[in-house]
Amino acid sequence: MKFTLQSTAPQSAQHEYLLVLVTEQQLKNTADTYKINTLDTITHTSQFKSGFNEVLTLIGQAETCSYLNLVGLGDLKDLQPAKIAKLAQTIIKLVQTKFKQIHLDISALPIELHYLFALNLTQANYVFDEFKSKKSEAQLEQIHLITAQTGLTTQQLDLIQAIASGQDLARDLGNRPGNICFPEYLADQAKALAHEFPELLKVTILDEQQMADLGMNAFLAVSQGSDRPGRIITLEYNAQLEQAPVVLVGKGVTFDTGGISIKPAQGMDEMKFDMCGAASVLGTIRTLCEARLPIHVVGAVAAAENMPSGQATRPGDIVTTMSGQTVEILNTDAEGRLVLCDTLTYIKRFNPSLVIDIATLTGACVVALGKVVSGLFSPDDALAQELQQAGEQSFDRVWRLPVMDDYQELLDSPFADIANIGGPYGGAITAACFLQRFTRDYRWAHLDIAGTAWLSGTAKGATGRPVPLLVQFLANRVGTND
């Protein structure tokens, strides 16, 4: 979906659809601007008070357009980011299947909310009907934003459109089932991106033999149970820039049965979403390519399928990681940290300025934080603060949880250097502490997106988070190149 900016309202009835955000105090100004002569009577008869998300439809009653909707903002002081998202959903629902383009007057919306509102409009416009025999009737392609005053720039609108493209890719990948989206498929997606942006991207793919040669036995302990071979995929963006890269590492378990420590049947279909960390990395890379942000970034995807078989890892097995540390695998359903730990060791060769891993890692994080914010873990206060700020700016928020040495003893094993689970308490924290043992050589943060990567119920599907957060974080750093 594309945006344009206009400083004045359309003056011709040829604009078939117009939507205006209004407050009760601004109704008279709206009536004058759009020549709605009977608006006082209409609002009185319909009892339209411009309450939040309240909609009034006017057909043939405005001289400037044939079809007009007023959408109430309510009390402006109560307009929080969560309400902005709901407002965007209301607007898209009104027009998505009816119009290819609309004019949307946002003059009544506080200027500081314009960017977030435009971003939310793109998110609300997403449709996934790839496997439906009857396709969606959605057709909205362009929104002409009308406002005399705004902080939005053409560059910001271009970035919003690039974020939407990357977030849509992440959602598409997450929504595709495990029989379509498996490790080799993710590798093909990375190669397709590199083919689309050959001057910006360099892709490298490790197969299982190459991993074995590197001693990546923790990763292979997960993938060996599946007939689908694992892959480690790296995408280097703007490699020519003379700066240490930001490295994004995504967990890409394309389907997680739990392995021998098998999961319950109920809800197991949602384990196709266990690769949403990897999807967010690929989506972020796509956004960077479209926006052409001047920053050196490496995306790394740890792609594997966790299946039970005669070749699968058994609880109690011990493996030696690429780092040389040994791991006792007490639970094969704690597999994400196993594919990540070897990948976190592998990416040291890029001499990163910092590393962020993104993973649907623990149910414990969902218990702690629900499905509103992602879990943030980092021993680096400055890095954590940067991510928190980016989360607030993009309304893709995080909440910091501790990662400290006090928890490390919970991972002690009598037989190996470390166990892959830490007991029944603080599971999200001990998972982060496990990863921390493989990240001592660089600045590092871990995002546990188990609660935010997808929705269940009637709105079931991948969210594409945390693409907005990651892009905002990188955009904020463009001027500093720390």
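FYI, residue positions are counted from 1 along the chain as it appears here.
Note that Cβ sites are derived from N, Cα and C of the backbone, with glycine treated the same way.
Keep in mind it's a predicted model, so treat the numbers as computed, not measured.
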Just to be sure I read the record right: Lys251, Asp256, Glu335 are listed as binding Mn(2+) 2 in Swiss-Prot. Which of Asp269, Asp274, Asp342 is listed for the same site? Asp274
Show, in sequence order, which residues other than Asp256, Asp333, Glu335 on the same chain lie with their Cβ within 8 Å of the centre of the Cβ atoms of the Mn(2+) 1 site. Val222, Val253, Thr257, Gly258, Gly259, Ser261, Lys263, Met271, Asp274, Asn306, Thr332, Ala334, Gly336
I'm trying to understand the geometry here, so how far is the Cα atom of Lys251 (Mn(2+) 2 binding site) from the Cα atom of Asp333 (Mn(2+) 1 binding site), in Å to the nearest whole number? 14
Hey, for the Mn(2+) 2 site built from Lys251, Asp256, Asp274, Glu335, who else sits with CB inside 8 A of the CB center? Val222, Gly252, Val253, Met271, Met275, Ala304, Asn306, Gly336, Val339, Ala359, Thr360
Taking the Cβ of Arg337 (active site) as the centre, count every other Cβ atom within 10 Å, in any protein chain shown. 28
Within its own chain, what residues at least 6 apart in sequence put their Cβ under 8 Å from the Cβ of Asp256 (Mn(2+) 2 binding site), listed in sequence order? Lys263, Met271, Asp274, Glu305, Asn306, Asp333, Glu335, Gly336
